[in-house]
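Each remark here refers to the structure printed beneath this line.
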Amino acid sequence: IGSSEKMVVWILLASTIAVTVSALGPPQYVGDGRSRQIARVNHTKKLLCPVEGDPFPFIEWKKDGESINELWDNHKVMKDGSLRIKDIEVENAGKYVCKATNGFGSISVNYTLVVVDEEKDVVSVDGTEVYAKSHEEDLTKEGAPPRFTSPEKMKRQKIIRPVNSSLRLRCKATGNPRPQISWMKDHQELYSRDSGRRSSWTLRLSDLQQMDSGLYTCVVWNRLGSVNFTYHIEVIDKIMSKPELLAPHPLNTTVNAGETASLQCKINSEMQPHIQWLKRVDDPKFKSNNTIVISKQPFIILKSSEIGSGSDGTYLNKFVIHHVTEADGGMYICLAANTMGFSWRSAHLIVKSKHHENHYSYPIERSNLNLPLVIGVPGGILLVVIIMAFLFFQRRRKTQYHQGAIVNGPHFNRVPTQDPEPYLGSMHSGEVKTNIHVNPIHGTQHKNLYAGIPSPHHMLSSREKLSKNSQSIDFYTDISSVSQSHHNPHHHMQQYSYNGP
């Protein structure tokens, strides 16, 4: 054999040894994860020990902590490591453990064997106690006592409703076996012939009267335990006040484009109000049937979310916008209403553009133009303009000088070279004096001002000229939370009510 052939043989041998060494190790679990097994009385059940390893592990079985050996009547450990149980009895139910061990380590696989006696219609999980078999129980899953699925929706214990209204009380729960539910009023069980009608987890009460006031308790139970919850229901003849929106919500909010914006409001009301979110329409060309008018301004109706209940007896509602865009910015209103009227509070959502941070940053290299050329050409043009302006003003002064000499002789008044700065406070035209009073608007140039007299909707442009015969007119700017050009909008609240039925 040549040297090259020997080299190939050695490489193959080394690879084989490496693969063999890498395969050695502690036992590994290769099962499907189903640790709960069902067996029936007088049947045979085989429990696998789903492990593998190199070297092959030694298998040992235990039941409830006791080792299984040849002395056990109907239990036998097979050559493949599995456990066979023949002629199963109720006492064979319990916890089984398969332990696999080799020179590198060990691993254990746990089982729960549930035994069902079809003749007696009973089930045993531990081999000592039995209970009645139920179609509501999933034997492949571990038993669990009842628990409420939505406890956060059950915080409001006291509920007020007007006469002739309807009400639904819900106590949804889960458990294994599936829980049963019953309802009581003032500690007396309710039946279907009473005013309450049970459907699934919900008690429905219709045409409420004051006599229906009281404590309504749901009791949910299964064989492993029970839970209960009590609602305090008060039926009143008439709602006395409209909802009150509690400050400071909703709050003015600023977010970056692409983020999530959240506005919320908190309401105090005798009964659960209707809550609606609205957005002011800033585009005059926008047309939609899904709009309402508040304070002479159009608002679009937004999709409302579920109303939550606070532990202090208030109601909560949140409006969330995911992946905000600049178009989502504007004024929003939270409106709450009941039979006595409605109230609302407003807030502004400001959306910053993604390019806002780079608005004043410029790249260092704008082009490949020659720097002296870029500076020199504009500089030369500027110099020519300055010289021409100087000559023009010199010629104008000489012309004015000669005209003054001809009209007035050697005595003349000096003419200023530039017009005096106009005075905004008053302007004179003949004998008529016109005063214009303008409230200052800091930080923003407003093209239009709202005229206080004669019409609040009259718009006057700053470029319009007043007639010589015009009377004195006062102009006032009314900057409020609905002003689009106000960079720091303040919180505004105005309440409206109507006479309900």
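Keep in mind that glycine also has a Cβ here, set from the backbone N, Cα and C atoms.
Worth saying up front: this structure is predicted, and the values here are computed from it rather than measured.
Per TrEMBL, the features are as follows:
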type	residues	note
SIGNAL	1-23	signal peptide
DOMAIN	27-114	domain 'Ig-like'
REGION	135-155	region 'Disordered'
DOMAIN	146-230	domain 'Ig-like'
DOMAIN	243-350	domain 'Ig-like'
TRANSMEM	371-393	transmembrane segment
REGION	482-501	region 'Disordered'
Checklist outcome for this item: Per DSSP, the domain 'Ig-like' (146-230) contains 7 helix, 47 strand, 31 coil
Next on the checklist: Can you break down the domain 'Ig-like' (27-114) into helix, strand and coil residue counts using DSSP?
Outcome noted: 3 helix, 48 strand, 37 coil
Checklist entry - By DSSP, how many residues in the domain 'Ig-like' (243-350) are helix, how many strand, and how many coil? => result 3 helix, 58 strand, 47 coil
